[in-house]
């Protein structure tokens, strides 16, 4: 009993020591594991941040390079159409000598197109965002809005590890100040140079980094787990050995049995494979773990050759390894090789193999094999990760060096290239020797402060010195690192010489851009055409002065921004509600903006209506407004006031219609012919007059119908119009022959038809004067007769107008007064009077009467017989014609004749009187006889 109590007491003490050691061992392994995981995650995030920073600076270098050249020119095609936002730049589009069209692409647009067209090669996502974007795609999300607000509070950088589309990303955003290249598109939004335009974001996918981190953590878990198991096994074995030692040699057999039991228990509960084989490699024993890991049962293992479980590519090497152990009798070996499980999967094991001897002869092998598959995978992943990191460092565009203390421990090839040193020359040098002497003290002090843990700027600009003594501008980014327990610094060196030169030229280009933008705005505001641009909501994003003043009634070119044209139309109508015709522009026109956005094609429209009470007609051209990706973001348009032109066109159409009606229905012959004289058109009157059909007329030349005697005259008139520039010729008379040979007379007037100031044909009007010609002959004959009559008249003849001006005088009148009196007043020419003759009867004649009179001329003391007759003209006016004949002699003869007749009459009269007196006396006697008789009777009666 005492022995058992002593054994129980010793066993309890050992158990307490054992589990205390296990607890301390577990805490140590767990602490080391957590510290390793924490360090690994921190390094993963730091590496991701540096990669994102490298991408950010790479994009920035692209943009600065493009901006330093004012942008780049690329072939204008569907991928890179001309940028409507740069339409104001005179050299936005240029042509190569071969005629290919190139268009200007700003730096930001170039970088964005790289990201969008080559996302797999580019490796990261990016975005340029603004609180006042020109493109809807540049609008910020909630996280970006918070970042932009933080920039307003002075933050210079915002980063966050988050998910994008359920994928882990590092989002890094920094403020984007307005630069001169940016103002090409954003100046209209009110931004000025140096103001925060928005932000530039780089989103780095973390999946590769997290995968690598996961693999490393798995490796840490496996390795620490293995160490923990080994430690636990060691403690456990140590405990067992102590227990065996405690029992003592007095209980050897019992201890041996117990040891065998414990050994078997250890074998069965172990997480490792435990097996035995004979000298030929045939399995004689396996524990349950072997069955669990490989899938073979214990029965299937017994009698199976171990080499049958090794893949063929590794089999010969492993067999040779253990053959050598057997031959050389190496007591214990360790080897790692793959096993093929029953299901066909491959696992890696690391096994310790001991020779089993009996009676001095090797009879087999005894092995403990551990599944190291995950560790192998972790080692491979770690190796690949280290290779990628090495590649990143070796191929970096930036120089990188690591200093331990003050000495340079490592430098990448790019740093050697930048500083002009041969490989290996920098290792061991003082780190400040790579800087210009003016910066050596600064960098030395900051490095010392950084290693002490003080707050030192991680990034700042310096001047670096090459091996040959030359220097260049650089920017360094430094952070503290731990190297084998010692504090060191990792430094990234970037050559910013080009950036410095770009910044120097940027101020010059900014001034040029400001001047060009001012010129563009001045040009747009001084052209008479209306120019504007609208977004997809039909709100103005640009308007020149012409559209503000002549259509919208806006106070300035900024007032329309963000408003529709309907806003201004309603404002005008409300201000003049008493006049419904004050503003009607566009009321009966289609919604041309919707048409263009629906078809996404340039189109032309007629838009019209009243503006400020006056009719306005615009010739409008509209086209889709597209961004750099070719997406439609609105419309752009220009309009020209063609009110006068449309009125002229309407008048021209009316004139053409009237001309065509006149051409076809005119009684005169109207024709056109080319410069060779071939007729191109003849109207209906001409065809009927000449007797030809329309088709026949178009086969004729004027020489075919013009009388040969008049061909030269016709050709001379044609030459005057074609060669000498005469606008028109005529009227002139020619004789022509109709189809049936009839001779016709035409009076022709023609003028040249010109195109671009050059004659291309002749347009003429010919009047049929055949009857007039016959009448002219008859008139001529009548005139000859009339002239003969006038000439044979021995009196005076003149014709006088209603205002007493002589229109005609015959030769006898001219000879009598000594000059031609035509145009003179009749009373002045004929009577030397200054006023109308008091005896004038011209008023009666003008009323249509024929008056005959006689007057005595005081001039020659002669008597004239005058007949005044009215002459009615076709115009309705009336002239008087006077026929004056000298009747002085006739009058004298008539007076003498009259005197003789009077004398004869007096004689006859006296004779008649005497006869009458005798009769009267006889009658009186008879009467007196009665009277006397009656008086006597009365007297007698009274008495």
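Every residue, even glycine, has its Cβ placed from backbone N, Cα and C.
Note that TrEMBL annotation is computational and uncurated.
Look at TrEMBL and you will find 242-269 (among others) tagged as coiled coil. Here the coiled coil (242-269) has a mean pLDDT of 61 out of 100.
According to TrEMBL, the coiled coil annotation covers 883-910 (among others). Beyond the ends of the coiled coil (883-910), by six or more residues, the same chain brings 793-798, 813, 854, 862-867, 869 to within a C-beta distance below 8 angstroms of the stretch.
If you look up TrEMBL, you'll see 259-329 (among others) marked as domain 'PAS'.
The domain 'PAC' annotation in TrEMBL covers 333-384 (among others). Secondary structure by DSSP for the domain 'PAC' (333-384): 12 helix, 32 strand, 8 coil.
Annotation source TrEMBL lists domain 'PAS' at 404-454 (among others). With helix defined as DSSP H, G or I and strand as E or B, the domain 'PAS' (404-454) counts 26 helix, 8 strand, 17 coil.
The annotation domain 'PAC' is assigned in TrEMBL to 458-508 (among others).
Feature annotation from TrEMBL assigns domain 'PAC' to 599-654 (among others). Here the domain 'PAC' (599-654) is broken down by DSSP into helix, strand and coil counts: 13 helix, 32 strand, 11 coil.
What TrEMBL records for 655-725 (among others) is domain 'PAS'.
As annotated by TrEMBL, domain 'PAC' applies to 730-781 (among others).
What TrEMBL records for 17-37 is transmembrane segment.
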